[in-house]
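Per TrEMBL, the feature region 'Disordered' maps to 1-21. Per TrEMBL, the feature compositional bias 'Polar residues' maps to 1-13. The domain 'Catalase core' annotation in TrEMBL covers 9-396. The active site annotation in TrEMBL covers His56, Asn129. Per TrEMBL, heme binding site is recorded for Tyr342.
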Amino acid sequence: MSSSKPVYATSNGVPYEGHPYESQRTSDGYLNLGDFHLIDELAHFDRERIPERVVHASGGGAHGFFELTDSLEDVTRCKMLTQVGEKTDLTIRFSTVAPETGGIDTVRDPRGFAIKLRTVEGNMDWVFNNTPIFFIRDPLKFVPFIHSQKRNPKTHMGHGYDSTVFWDYATQNHEILHQFVYLFGDRGIPKSWRKMNGYSGHTFKFINAKNEMVYVQIHVISKQGVEGFTTEEGNKIASQNPDFHKADLYEHIEKGEFPEWDCYIQTMTADQAEKFRYSVNDLTKVWPHKEFPLRKFGRIVLNRNVTNYFAEIEQLAFSPSHLTPGIEASLDPVLQSRLFSYPDTHRYRLGVNYQQLPVNRPRCPFGFGNMQRDGANVIESQGDFPNYFSTYRPFQAQTRDNGFGNEKLDSTAGDFSADKHDGIMRDGVRYFLKHVDERDYEQPRALYMKVFDDGAKQRFRENIINHASTIQYTEIKQRVADMFAILDLKLGEQIAEGLKVDKPNPIPVQPAEMRFIRQ
Ligand code: HEM
């Protein structure tokens, strides 16, 4: 809102001349359907709720920054982790897991600790919990496990009333024990969001500038210390203020008592991982600190309360798949399925253009673009920038791996091992050719040369020439002639003549050899 004293107006911005509390009525008392002000208000109200998060629905958060105190350049090329002293703007959302939105803060439940980092390389999300381990290690158990924690489908009551389902699931799935020992121990009900740690839980991979990989666990350790409530304390507070944790965070930030966390990594080499007693991809295990010491790299400070909860917290869309170069997901199957699940739920919860919402919008210094356009609730549709991979208005080359903005596309980018099965059915899956080869010219050549009679050939040439004559760049016109010359040199020459370009050069173009037009 641009002014501190806004003009009262309808949603189309027209100042309302009547009283905000007076609906228009006909002389015999009926409401007037033409009362846009009233309909505008009721209709918007009818749509105020969006789906709540299917888990972690109840929470709160604040804005702040991450500051790199010690470079991690030896293990990652992530810019945010290599330029000491650099501050990265962030927003954190803390949450309970099982309760619905508005649920009681001081219940026994893990806490979400999700951090959106607006880095110079785009947004990165650390979607952590306050425990270093998790209940499951096979993603297929996630949905039934969560169901066992939620309301009973028959009674609609939680497991505080009847814990049969809760324990029925747990006692049949013993990998849950590590998390349960945390949950029913002294950390099960945090005293405040300020007094809890955040953990990646999952193993991630850090890749440095030399392309060397180490496995990493990230720890975000509270400078306020870690403290918990007993069950009795939690219940007492719940009856006095169900929003206890929200209030605690809000009030401390308002008073200028900004909560702070130190950030650490543990690292493990591939060799160490082979000898490790547990799998690095097992989310139910921690890495002993003695063997894998904590290494500090930065701090996090929360110093700004939100001005609007819905816009700045509810609409946050975190995903473990939002990573910047130098940090990759490990093969932990739970992490791998989370890479799918979060953006999928955002498209449902917030709509396909959720990344354009102000709180989710990347603020990287370089202008960025892609081929995504339109859809519901577009806020910014990339102006007049080409909506395909254009050779006359190419994207800038921004990453070290592709030079396509300069001369050509890196032919190795996006390589996939199925290449050797090109164009054939295998196990019910069709693999397509990535590169073009002579087989791609055989059938169109036969169609033109052998099936078309002279009249059809001539009409075909004319159609091409007429259509391509409106091309605005001579270089692209030349490419049209070159392309058809591969089918038949004479055809290429006739098209070149029609388009008034040079004699054609019948050479197939591979993605790596795409020619960009320098302007
Ligand atoms: C929220 C799925 C495991 C941490 C969510 C949401 C979904 C989800 C669908 C709601 C997101 C939204 O509406 O924005 C899953 C699945 C998992 C899994 C399918 C395993 C297969 C985990 C693990 C962690 C975690 C292991 C922590 C290490 C969180 C957090 C949130 C969340 C912190 C709340 C994010 C926010 O504040 O917006 N999860 N989750 N989840 N999950 Fe998971």
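Residue numbering: from 1, along the chain as shown.
Note: Cβ is positioned from N, Cα and C throughout, glycine not excepted.
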Quiz prompt | Under 8 Å by Cβ from Asn129 (active site), same chain, sequence gap 6 or more | solution = Pro110, Arg111, Gly112, Phe113, Gly198, Tyr199, Gly201
Quiz item: Expressed to the nearest Å, what is the distance separating Tyr342 (heme binding site) and His56 (active site) at their Cα atoms?
Solution: 12
Practice problem: Look up Asn129 (active site) in the DSSP assignment and reduce it to helix, strand or coil. | Solution: strand
Self-check item: the residue listed as 'heme binding site', number of other Cβ atoms within 10 Å
Solution: 19
Quiz item: In DSSP terms, helix, strand or coil for Tyr342 (heme binding site)?
Solution: helix
Quiz item: What are the non-local neighbours of His56 (active site), defined as same-chain residues 6+ apart in sequence with CB under 8 A from its CB?
Solution: Ser95, Thr96, Val97, Gly112, Ala114
